[in-house]
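Data first, discussion second: the structure below is written as structure tokens.
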Amino acid sequence: MKEDNVIFDIIEREHQRQKKGIELIASENFVSEQVMRAMGSCLTNKYAEGYPGHRYYGGCEVVDEAESIAIERLKELFGAKWANVQPHSGAQANMAVFMACLNPGDKFLGLNLSHGGHLSHGSPVNFSGLMFNALEYNVDRETGRVDYEQMEEVARRERPRLIIGGASAYSREWDYARMRRLADEIGAIFMVDMAHPAGLIAAGLLDNPVKYAHIVTTTTHKTLRGPRGGVIMMGEDFENPWGKTTPKGVVKMMSQLLDSAVFPGVQGGPLEHVIAAKAVAFGEALQPEFREYQLQVQKNAAVLAQALADMGYNIVSGGTDNHCILVDLRTKFPELTGKVAEKALVLADITANKNMVPFDSRSPFQTSGIRLGTPAITTRGAKESLMLEIAEMIDTVLRNPESAENIAAVRAKVNATMQPYPMFAY
Ligand code: PLP
């Protein structure tokens with residue numbers, strides 16, 4: 001058959017775009033060759049509704065092995081007792097937890113979206129906010145850190161059935177123990193969505209929520225550097241039936257509820273090629289080199305945050321503990337929106353995204369901030385010295401974002417700088 005040049009030309013153009021640019025989107029990464037190979041394999045041809053050993057289709061013996069390995073490696077990576085590797089995405093992993101733990105209309109508590117929370121933690125346009133009763137906690141205006149006292153006040157007053165920790169634009173460590181105590185006090189389920197820092201957690205550089213939360217979800221494609229997808233895990237808690245009855249009134253293990261919430265609750269057939277790629281990525285994350293990589297991600301983020309702060313940028317919370325940096329542009333450039341900043345940076349081949357900052361005076365379409373992250377650029381081999389250069393390049397663009405000449409000069413520098421850096425880690 002004739003090759004589909006239309007699409008393969010687009011893929012090649014995207015390859016070139018990724019190669020020549022500086023990738024600073026905090027939720028992105030570059031997977032290894034073998035993760036890519038597993039994703040592009042014949043496993044995509046296989047239907048396998050159900051779980052290993054209990055499928056609704058014949059011929060699943062081989063993919064059963066890959067899925068079982070993915071589960072075992074994931075459990076080893078995070079010290080979990082139970083795992084489901086089938087969610088097609090992070091949002092679907094979260095949806096399955098909601099299905100398993102709540103009834104429509106039930107209250108739950110998550111981080112305010114404009115303070116760093118994720119869509120699936122209660123946005124009014126997402127299933128979480130449409131079908132359930134979303135309550136929110138905030139970050140503190142002064143410190144930019146989660147305001148645990150306000151969280152406790154809302155939880156004690158409203159008594160939500162589920163409390164969610166984790167965020168999409170938050171640079172600091174979490175006090176999971178305090179959140180678990182709060183959940184126990186009000187009889188709520190405590191879930192952590194560690195999608196962003198999962199790789200740093202796997203490497204032991206941040207506290208592991210599997211030790212504290214009843215349920216932990218994550219995407220597999222951010223700091224964890226696997227294929228796009230989601231997973232759900234539990235630590236010790238699942239060993240016991242959920243109290244006397246589950247929130248749905250049935251005595252069942254939470255693991256059974258979660259398995260059936262993923263399939264047949266919110267999904268049909270699992271993507272076995274992606275599950276195989278998840279297994280490969282978990283295998284990579286279990287190697288000692290992965291810790292070295294994550295250490296560099298963290299160091300690079302700290303250096304970039306400090307360099308920008310030294311240039312007068314306001315870094316929300318004053319710095320970062322992880323891979324993510326949230327820049328409030330208002331201090332240095334009161335007139336510059338995140339939207340204009342993002343566009344100018346992208347024209348200079350520096351990819352980042354506009355982002356709301358806590359207590360933002362602008363809409364989510366304009367925003368007053370940009371979010372930066374170091375997982376992808378670190379996979380390409382960046383060290384601290386490149387972070388200093390990147391801070392300079394960002395500043396040069398943002399000081400003069402309307403000038404095509406200025407942007408073209410930075411773009412030439414970006415392209416020349418990235419030339420020697422390979423795209424894949426392995
Ligand atoms: N949870 C958090 C904290 C996220 O940041 C994201 C994505 O950015 C998701 C869930 C959703 O993941 P996905 O895009 O795979 O649905």
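From the backbone N, Cα and C atoms, a Cβ is placed for every residue, glycine too.
Quick look at what TrEMBL annotates:
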- L113, G117, H118, L119, S363, P364, F365: (6S)-5,6,7,8-tetrahydrofolate binding site (BINDING)
- 3-394: domain 'Serine hydroxymethyltransferase-like' (DOMAIN)
- K222: N6-(pyridoxal phosphate)lysine (MOD_RES)
- H221: site 'Plays an important role in substrate specificity' (SITE)
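One residue stands out among the binding-site residues L113, L119 for having the most other Cβ atoms within 10 Å of its Cβ: L113. Only H118, of the recorded positions G117, H118, K222, S363, P364, F365, place a Cβ under 6 Å from an atom of ligand 1.
Note on the domain 'Serine hydroxymethyltransferase-like' (3-394): its mean pLDDT in the predicted model is 95. The two recorded residues L113 ((6S)-5,6,7,8-tetrahydrofolate binding site) and H221 (site 'Plays an important role in substrate specificity') have their Cα atoms spaced 21 Å from each other. Taking Cβ-Cβ distances under 8 Å and a sequence separation of 6 or more, the neighbours of F365 ((6S)-5,6,7,8-tetrahydrofolate binding site) in its chain are K339. Within the same chain, residues at least 6 positions away in sequence whose Cβ sits under 8 Å from that of H221 (site 'Plays an important role in substrate specificity') are S27, E28, N29, V31, P227, R228, G229.
Binding residues for (6S)-5,6,7,8-tetrahydrofolate (L113, G117, H118, L119, S363, P364, F365) extend across at most 16 Å, taking the greatest CA-CA distance.
In the shown protein chains, 12 other C-beta atoms lie within 10 A of the C-beta of S363 ((6S)-5,6,7,8-tetrahydrofolate binding site). Between L119 ((6S)-5,6,7,8-tetrahydrofolate binding site) and K222 (N6-(pyridoxal phosphate)lysine), the C-alpha separation comes to 16 Å.
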